[in-house]
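Report on one structure; see the data block that follows.
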Amino acid sequence: MSEKYIVAIDQGTTSTRAIVFDHSGSIVSTGQLEHEQIFPRAGWVEHDPMEIWRNTREVIGQALSKADITRHDVEAVGITNQRETAVVWDRTTGKPVYNAIVWQDTRTQKIVDRLAADGGVERFKPTVGLPLATYFSGTKIVWILENVDGAREKAEAGELMFGTTDTWVLWNLTGGTDGGVHVTDVTNASRTLFMDLETLQWDDEILKAFDVPRSMLPEIKSSSEVYGQVESSSLLREVPIAGILGDQQAATFGQAAFDQGESKNTYGTGNFLIFNTGTDIIHSQNGLLTTLGYKLGDQEPHYALEGSIAVTGSLVQWMRDNLGLVSSAAEIETLAATVEDNGGVYFVPAFSGLFAPYWRSDARGALVGLTRYVNKGHIARAALEATAFQTREVLDAVNADSGVDLTELKVDGGMIANNLLMQFQADILGVPVVRPVVAETTALGAAYAAGLAVGFWKDLDDLRQNWQEDSRWTPDMDDAERERQLRLWKKAVTKTFDWVDDDVQ
């Protein structure tokens, strides 16, 4: 019998990838295309959904061709995606009525304020686990309905569909206007502000408060079941699509953090630390989000606490693209290594406000502690250290909420190739940092969810055996120095507050 594979589609913030995995969870081939980041105004971030769909089809072809396989060798397709990013499209034409509004976008602050006027930002938190914030999909849908000509009328008439990018890709992959499946999974639904964490269904009272017609919304399903088959014009025609997980939940799943008390931290455009709370819903007292971890078929859902950090890897991109301090993201480590320390400089990248644990939409970025002594090496180092400091603050919140101190941190994502950052991360946390052999845990998690649904993998134990340690960094900083640096970081964070006014965005 010839070997069989799983294809994972990873629709991310900066690119779309298709990755072919074998039974051991190893990567066989990858196809990848970046898409345009559209910034129409300060604080606005958009993607073109049609470009994302074109890229999805193309990267599938790239991956199959590189692996020298056809659809007959593929058992199932899994999808993982940038969460919260909202697409609204016409049910009849299949065309978006507006660009996708990206999770980092802050244009909906006035909508947040309006909804929070009655009950504060935690108005819906007991039901959905999330504060009112520009980050989540719900307010983005409202913005489109209120600002795109004819959108409200079409939505009321049942002519518009909403989805995060998993739903957009799934709908198109399964036929689009010709029988496309309009579904999302529990993890993505838990990021809209609309899903009841206990019933795992859309909450009609909340939809009424937002004035969003229920007819726009996809059906909520588990993270691991057959949703439909790929349509007939695709290179993957008739292959079942059998797994969907939001990117951070997918990375947790790919790290085999299946049990209560296990966690991972992903270093990507932003950083996302997820702590598995098992079948318990824990409402954070420390600025974390309560979210879905995963749900396999008809089994009980697993929940999680999440610390979301808006800007980490994208700070390095900004230094490359906007300042020209480095010509590639990888160069940041070399530049940072030209100095012994940060020279007293702290960089708080509150470009989209601050997410966990502060949730300050009025914050903006600040570079503090500058003197004539400081050079670009210090600034590069401060930019890397910002990622580690923000992670430490989120980990402190997780420890406080869970009552369990984490003993080591599993890491994944693009920035974990940066050894200087990983060592500083271990130093500032005071616990070891562990990198797995397969760093593409996001795509792997989606592959696992799909493979479980079709019997490609038997059970979670089967998946646990695939996880292997690649590298480990142990702390090498004394307690006094760690406390000094944390004190200065927290002082720097306070300097970013209260910047946004009516005439300052």
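Each Cβ is built from the backbone N, Cα and C atoms, and glycine gets one as well.
Features as listed in Swiss-Prot:
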BINDING   THR13, ARG17, THR269, GLY313, GLY414, ASN418  ADP binding site
BINDING   THR13, ARG83, GLU84, TYR135, ASP247  sn-glycerol 3-phosphate binding site
BINDING   THR13, THR14, SER15, THR269, GLY313, GLN317, GLY414  ATP binding site
BINDING   ARG83, GLU84, TYR135, ASP247, GLN248  glycerol binding site
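Structure coloured by features recorded in Swiss-Prot.
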residue : record                               : Cβ contacts under 8 Å, 6 or more apart
THR13   : ADP binding site                     : GLN82, THR85, VAL102, TRP103, GLN104, GLY268, THR269
THR14   : ATP binding site                     : GLU34, HIS35, GLN37, THR269
ARG17   : ADP binding site                     : ILE9, ASP10, THR30, GLY31, GLN32, VAL59, ALA63, ALA443
ARG83   : sn-glycerol 3-phosphate binding site : TRP103, THR164, THR187, ASN188, ARG191, GLY246, ASP247, GLN248
GLU84   : sn-glycerol 3-phosphate binding site : TRP103, TYR135, PHE136, SER137, LYS140, THR164, ARG191, THR192
GLY313  : ADP binding site                     : TYR267, GLY268, THR269, GLY270, ALA329, THR387, GLY413, GLY414, MET415
ASN418  : ADP binding site                     : ILE332, GLU333, LEU384
Number of Cβ atoms other than its own within 10 Å, given for GLN317 (ATP binding site): 16
Residue with minimal Cβ packing [other Cβ atoms within 10 Å] among the binding-site residues TYR135, ASP247, GLY414: GLY414
Position of peak Cβ density within 10 Å, selected from the binding-site residues SER15, GLN248: GLN248
Packing count at THR269 (ADP binding site) (other Cβ atoms within 10 Å of its Cβ): 25
DSSP-derived structure type at GLU84 (sn-glycerol 3-phosphate binding site), helix or strand or else coil: coil
Structural state of THR269 (ADP binding site), classified by DSSP into three states: coil
Cβ within 8 Å of the mean position of the Cβ atoms of THR13, THR14, SER15, THR269, GLY313, GLN317, GLY414: remaining residues of the chain near ATP: GLY12, GLY268, SER314
